[in-house]
Amino acid sequence: MVVTEANFDGLVGPTHNYAGLSWGNVASRHHARNSSNPRQAALQGLDKMKALADLGLVQGVLAPQERPDLATLRRLGFGGTDAEVLDKAYREAPALLAACCSASSMWTANAATVSPSADTADGRLHFTPANLINKFHRSLEHEVTGRILRRVFADERYFHHHAALPAHDDLGDEGAANHTRLYDDQGRGLELFVYGRSAHQPDAPAPQRYPARQTLEASRAVARLHGLGEHNTAFIQQNPAVIDRGVFHNDVIAVGNGNVLFYHQQAFLDTQAMQDELIRKLPDAGLHFIEVSDKDVPVADAVKSYLFNTQLVTLAPGHMALIAPTECADTPNVSAYLTRLTTLGTPVQEVRFMDVKQSMQNGGGPACLRLRVAMNEAELAAVNPACLMTDELHGRLSQWVNRHYRDRLSPDDLRDPALLTESRTALDELTRILNLGSVYPFQR
Ligand SMILES: N=C(N)NCCC[C@H](NC(=O)CCC(=O)O)C(=O)O
């Protein structure tokens, strides 16, 4: 059976800004209160989507969320007209206003965990939106995310949508950022769930400074919901020491594709046990473990450059390309390593650089911006075609961005009622372009 791995990227929303909301994510902290350029951010994202589509890959687009999130501000006690709600929140609780304005749904690696039908007990493709409860601004995403996913993957014969896990710290779930799938030539898959701590084993290793956003209990719950078994799952603990150095998701330090796992020496708590389990559970894949040493690339450089937040994509059998942010080319250790990587005799044979700086400055690289969905032909044919990237859609969305987005936004601009009107006008038009129906609260 032919299986196609599609990347669904998050379209950057009109309120993209730098609010320093993510403790543990060093780029977010570092760029807090800088001015952003939402128009450039969205165009950079669209250009990445087009570049991947031009490589012959199936590329989709997921709509952003409605921001500012007036409904949440009202739930928090800010009343009056929309303009009054924004003004009161700005004066009394600017951090809450910023959280309710974040365009963080752009990082669709955190939208959901997706299990292809080849792996699941009922033979359907399963989606569980991530509850993202570790960060307030991100915990506001899952409901509309679930609604958008249902409109893109609507056919219940093929697609099974779950609700997000219950909103408790014990079940912190960050979606595909901590999940990757390896597979062999026969399409037999092994889903790797990487977690930061175990809620039910409080004495087990855990980070001391920064939060572990994903728990083992959440990963196991998602695997159960998706009908996965011991044979096609592995639950691996992230090295808590690197979480404390800014690796807030596993996709900041490891990426997998096909029979390749590319990771830093310090990524996992027990690398040998991880390798043994993967080889035992996927014996025919001829797995390649590409481990980058501390000596070649210190953790700090990996975090700065996002060497592992790259997209590893298969362009032809046995031929993969690494889609890396331009920051990798600008970091000497990393650039030197990448020059060597393509000569090591692994399937990774080329590196392409993309400029997604606006997203990078909030800690989101190429891999954060995409949700992978592996589908067979019938499933792919059932996807909402208006959400699949073509030259025409790229042109249309670029025009839409140029018409509606500002080229400069500071945290103080978030109180501007005109921004609310601009965002709603833009999103209303977007739902027609992407044929999504009424997914936003303001449309209901
Ligand atoms: N690694 C993956 N898959 N995703 C990256 C998510 C970045 C996001 N940044 C933010 O939410 C910053 C928003 C701000 O500070 O304005 C986060 O920390 O959740």
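For all residues, glycine too, the Cβ spot is worked out from N, Cα and C.
Automatic, uncurated: that is what TrEMBL annotation is.
Feature annotations, reproduced from TrEMBL:
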- 19-28, Asn110, 137-138, Arg213, Asp251, Asn362: substrate binding site (BINDING)
- Glu174: active site (ACT_SITE)
- His249: active site (ACT_SITE)
- Cys368: active site, nucleophile (ACT_SITE)
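In this structure, the recorded positions Arg138, His249 were compared by how many other Cβ atoms lie within 10 Å of their Cβ, and the smallest count belongs to Arg138. In three-state terms derived from DSSP, Arg138 (substrate binding site) belongs to a helical segment. The Cβ of Glu174 (active site) has 31 neighbouring Cβ atoms from other residues within 10 Å, across all protein chains displayed. Between the candidate recorded positions, Ala19, Leu21, Ala27, Cys368, the densest Cβ environment within 10 Å is the one around Cys368.
Look at Asn25 (substrate binding site): DSSP puts it in coil. In the vicinity of ligand 1, defined as a Cβ distance under 6 Å, the following of the recorded positions Trp23, Asn25, His249, Asp251 are placed: Asn25, His249, Asp251.
Around the Cβ of Asn25 (substrate binding site), the same chain contributes Gly246, Phe248, Asn362, Gly363, each under 8 angstroms and 6 or more positions distant in sequence. Taking CA atoms as the reference points, Ala19 (substrate binding site) and the residue listed as 'active site, nucleophile' are 18 Å apart. Ranking the binding-site residues Trp23, Asn110, Asp251 by how many other Cβ atoms lie within 10 angstroms of each Cβ puts Trp23 at the bottom. Between the CA atoms of Trp23 (substrate binding site) and His249 (active site) there is a gap of 12 Å, rounded to the nearest whole number.
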